[in-house]
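Some features that TrEMBL has for this protein:
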- 41, 42, 43, 44, 45, 46, 47, 48: ATP binding site (BINDING)
- 20-299: domain 'UvrD-like helicase ATP-binding' (DOMAIN)
- 300-576: domain 'UvrD-like helicase C-terminal' (DOMAIN)
- 718-748: region 'Disordered' (REGION)
Ligand SMILES: Nc1ncnc2c1ncn2[C@@H]1O[C@H](COP(=O)(O)OP(=O)(O)OP(=O)(O)O)[C@@H](O)[C@H]1O
Ligand SMILES: [Mg+2]
């Protein structure tokens, strides 16, 4: 009989086998099943693998029932993979484990406990669109200028406040600038509206469980007992709410195992806090800390290259990483003329490696900093007939027609969902115009009703009889399916319902190539519902369950394992994954690092960690690329390659396309911070290497002293030291002074030994003593006192002074 307490000899043998694929340190982490354990280790060192084996071990050694295991991952895909791996390791015993992202696990908890916090179990989850629509409406009502204060950035502010567990009142007390004040005014009403709509936003999915546990200690105790073993992957990217949840749940038994890498923390902008790693030791003083040092993923060259990247950061725990893998190929750097050229080169390289090296498509990943960069890459791959899959951008569930269909489905499950109602009340058009909707809104606000409730009494809302008729018909449609929803299988309900909404018919009537694609998409959605409904053999699942799952899919989650395609995705999305061949693209100043990050040392370090994450996804071959011009904000702009490349040591790790050793430009270097430099620069390069910039006073000072300031922390002394081109004149904008630079010669090298105080001999004036030097390079001039003729100012370029002491 299966019992966690009584392990038989056979169980022990099975458990020991699970240790076989692990090295001794990893085994130690698996065996340390009781108490707090923290595994801090670099990329590819087997953190995730160790976690997976640890869970399998707990089950196989009968230390825990599967249902007593909680594993929190960063994506649902990671959770699915972990579940599959554990099932492979221990068989069907694995069923019943709680595995998923924080958001999916706790939304499940919230559904079970919804009534305790005043929600119904069918609450909706608002996505960013829904949130912004709601905010826009509140702003309109409060007379807030939506151009000056965008709903998007207000949403961002509310989101960070929620992540910090800050209430509207606490936020209002802190507000000290106009933006914060406007946000403070909207935050409370925004929450009330969510509640009225029986809806939660993403941040609520973490904030509400904390409140639930605080207000209901018995519920907390229940979950503490339920989850005897807690596991968290990618711990460095947890935010405050996630940290608190983990702490609350582990408080009783303290069996918590977290794994992470501070050098891979890349979500600070979303409230993640590396500090959580540091607090771990304080929260669990008995915690065992385990360090893994062997990398199993990448070649030696890639591991050393990654190490060189992260050395650029000052605030990093020192970690040694080594590997027994092959030495491997040097990292390749591609220079392209334009983004188009860049993507074509990548396309050719992928094809070549695929055809000649036999590497399957799915072993390639192209990573970029911003989603916008995917467009030209997609184009090249499409033209080349290479199958690809894009993660992010306008993903399937973000398409208009899909969101429309989902809004109908959501409404049937939760009619109070105002955002969904507004979305579809007149889609397809059914004669319910803006005025009618406004009338309903007003009526709802006056009587404290949801829009749905208002729509039940359209004639009381003061609508014309025609409008009221249209609203009634709509309400009847929704109500009919709402009453069926709880006891009808999801696929059956969805098919019939969507048919009756008229969405399909309207797309058919439109009969354009685009509308037919949309029609296809809706059919694909219905297929997805069917697949979901029938996936569980015990009983068909309901629409409510389907919607919950869909609200939480992130783009990475849709990454089909089975499919043999090249993957395109942002660097952020690539965390935790691995591919044989990886391209990190768009390595240009202003793009990677982003311009905004270049101004701030903290953000710059986060960008560098992102580079580190990207590079360490590669198992065998790593390519980096940059383009000299790129379309940004609708115009073609010249670009200069990323500082991240030039700060690398030019040792044996990187080669250019032609196979030459990479020569970093060591002319970019840091000046002391106290030089008084100020931010604000804009450098624009022509394709031929000419450039112009708008300078700040600090830049002009820097230029005077021989350095061109690129930003507060970086200076360049010449334009292209490696280019044998004549000196170029700066095309100064805004009437700035011109400065000449001598490519290839650092200005301070010109006029070398002639410095104030030295004795010199001049062909005509004889011996003299240098009093002062002005200017640099070509323009350098010395003031010399000659006992025979007095003081003279001489251009060094012509004077041919000889130093004699
Ligand atoms: N002891 C081992 N023997 C053989 N292969 C291993 C071992 N440990 C890890 N691996 C393999 O090395 C690769 C990297 O492991 P894993 O993904 O667990 O690393 P990680 O530390 O989680 O990396 P990241 O920080 O990027 O998430 C995987 O393919 C894994 O199967
Ligand atoms: Mg991992």
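Even glycines carry a Cβ here, placed using N, Cα and C.
Those TrEMBL annotations? Automatic predictions, nothing curated.
Structure with TrEMBL features highlighted.
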| residue | record | Cβ contacts under 8 Å, 6 or more apart |
| --- | --- | --- |
| 41 | ATP binding site | 47, 259, 261, 290, 291, 292, 293, 319 |
| 42 | ATP binding site | 261, 263, 292, 293, 295, 306, 319, 321, 616 |
| 43 | ATP binding site | 261, 263, 264, 295, 297, 306, 321, 612, 613, 616 |
| 44 | ATP binding site | 295, 296, 297, 298, 303, 323, 578, 616 |
| 45 | ATP binding site | 292, 293, 294, 295, 296, 321 |
| 46 | ATP binding site | 22, 23, 26, 292, 294, 296 |
| 48 | ATP binding site | 78, 82, 233, 259, 576 |
- Message: Give me the sequence-ordered set of same-chain residues, not including 41, 42, 43, 44, 45, 46, 47, 48, with a C-beta within 8 angstroms of the centroid of the ATP site's C-beta atoms.
- Response: 261, 292, 295, 296, 297
- Message: With the Cβ atom as the reference point and anything under 6 Å counting, tell me which of the binding-site residues (41, 42, 44, 46, 47, 48) are near ligand 2.
- Response: 47, 48
- Measure the Cβ-based neighbour count of residue 47 (ATP binding site), defined as the other Cβ atoms within 10 Å of its Cβ. 26
- Relative to ligand 1, which of the binding-site residues 42, 43, 45, 46, 47, 48 have a Cβ found under 6 Å from one of its atoms? 43, 45, 46, 47, 48
- Query: Where does residue 48 (ATP binding site) sit in the DSSP three-state scheme?
  - Reply: helix
